[in-house]
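Structure record follows, encoded as structure tokens.
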């Protein structure tokens, strides 16, 4: 699949978004925030508490790209031969004389500790002379990802579709990120919320790159339109919609692009983050000091903490994008490269990371995804651009796969192993098809072959760039697509015969699968992850930055 990137802080959202004519004088439109504080180039910034386009239902690609500073449209495609990627243009031009992350509003910035506050504006006062303040409700209509906006149309947020939505821009593209487990407890439902992330950048100059550990706090509940609610929510005593959302960050300098980053969720004093770099190296960091610094302001980070615990070169300069920590055995790591090789690394009793023997081979093209089994300590799955999924066991002395199945006629870009229903594996392909497979049927195809998926969907017409099972609901899947959307699916939903196919009563989206619950517009989606400790919360990275949201559908 093609790989490219370009981050600008301009996120859009909804599942069947509702483009509307330009009534920017209307209250609903003016409530959209666009505050981008100017801060040092080394910092990720501008956390924006905004409404975004979302509507419930009954690609940024993964490989790196480069761009010159000040011109984010000239990007390198790190894609395979024969594949191309065309990025959508921003719908709102930047005015001359304004910085890329600036706007006409006065910005506030707290430089110490790299804390950025994005103020939430109160509702704009009505302009007596502006008749456009009256919202033309007939201007709303259902939109589809494949349908271009009309000349006088923009995507308008529907705040009633979200419990929470916050967007933030980034200084440099972040091709990959992961959620860092915190100490704030599980099953959190209250607001304002807090999320910790770790990500890697793709700067225009290699020396400007960094690993960034972030704390997003003050994430408030979505403010609803007064006309949409006649009474106050008695359960929202803990909510403060006017609180500032705050982004704090700590940085580890690196000299190249981070293709993929993953954190270990094993309980230990170390907080391990492993990176697949553009140079082909695998670096492993302990980000515990950076995390503690965000938890406890004033905590000093020793210079040694910015050095990797290990820098491994078993891939011999061949870059890759597949990496996964074992959920069952601490310190066990898988990495895969574009030459089709997979390496298994373990941590010794002395704390060193050592590749365990030679490469696992069998794929005829690049390794796109690796997933450890959630049930068996030595078993893992791989997805490749050769269209196959293979099952492996690290105990195999010949380093060959145990099972192999053809799952797509195109590249298999992503895969996710269901941690609860452990015989289910979800895959997403370059042709936009995503499917769910019963691993128990793989036994008849040990040397290659085709099987029938449990479920398969062709809703997306462009490559699937990310896919992940909901860790708190084994029937729900989140995914990102190069069509600029994050979609949420519930496989437990069945078609309502009374409503017919699509289950939407012919309201313009009758061809939408019944299992499709929500669609969130986020241009150039790269990766999507569920926040395990906050059920229903999703984080995504795309061309325009990060989006943290919780919908009314999941």
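Backbone N, Cα and C atoms are what each Cβ position is placed from, and that goes for glycine too.
Just so it is clear, the model here is predicted, and its values are computed rather than measured.
So that you can see what the record holds, here are the features copied from TrEMBL:
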REGION    1-134  region 'Disordered'
COMPBIAS  34-52  compositional bias 'Low complexity'
COMPBIAS  99-134  compositional bias 'Acidic residues'
DOMAIN    152-219  domain 'Histone-binding protein RBBP4-like N-terminal'
REGION    216-267  region 'Disordered'
COMPBIAS  227-246  compositional bias 'Acidic residues'
COMPBIAS  254-267  compositional bias 'Polar residues'
REPEAT    360-402  repeat 'WD'
REPEAT    405-447  repeat 'WD'
REPEAT    457-499  repeat 'WD'
Same-chain Cβ contacts of the repeat 'WD' (405-447) under 8 Å, 6 or more residues past its ends? 1, 62, 80, 83, 327, 365, 368-369, 371-375, 381, 383-385, 387-391, 453-469, 471, 474, 477, 479, 481, 483, 491
What residues elsewhere in the chain lie close to the repeat 'WD' (360-402), defined as a C-beta under 8 angstroms and at least 6 residues from its ends? 1, 62, 80, 320-329, 332, 334-344, 408-420, 422, 425, 427, 429-430, 437, 439, 442, 446, 448
Just give the helix, strand and coil counts over the repeat 'WD' (457-499), going by DSSP. 0 helix, 23 strand, 20 coil
I'm checking region-level scores; what's the whole-number mean pLDDT for the repeat 'WD' (360-402)? 97
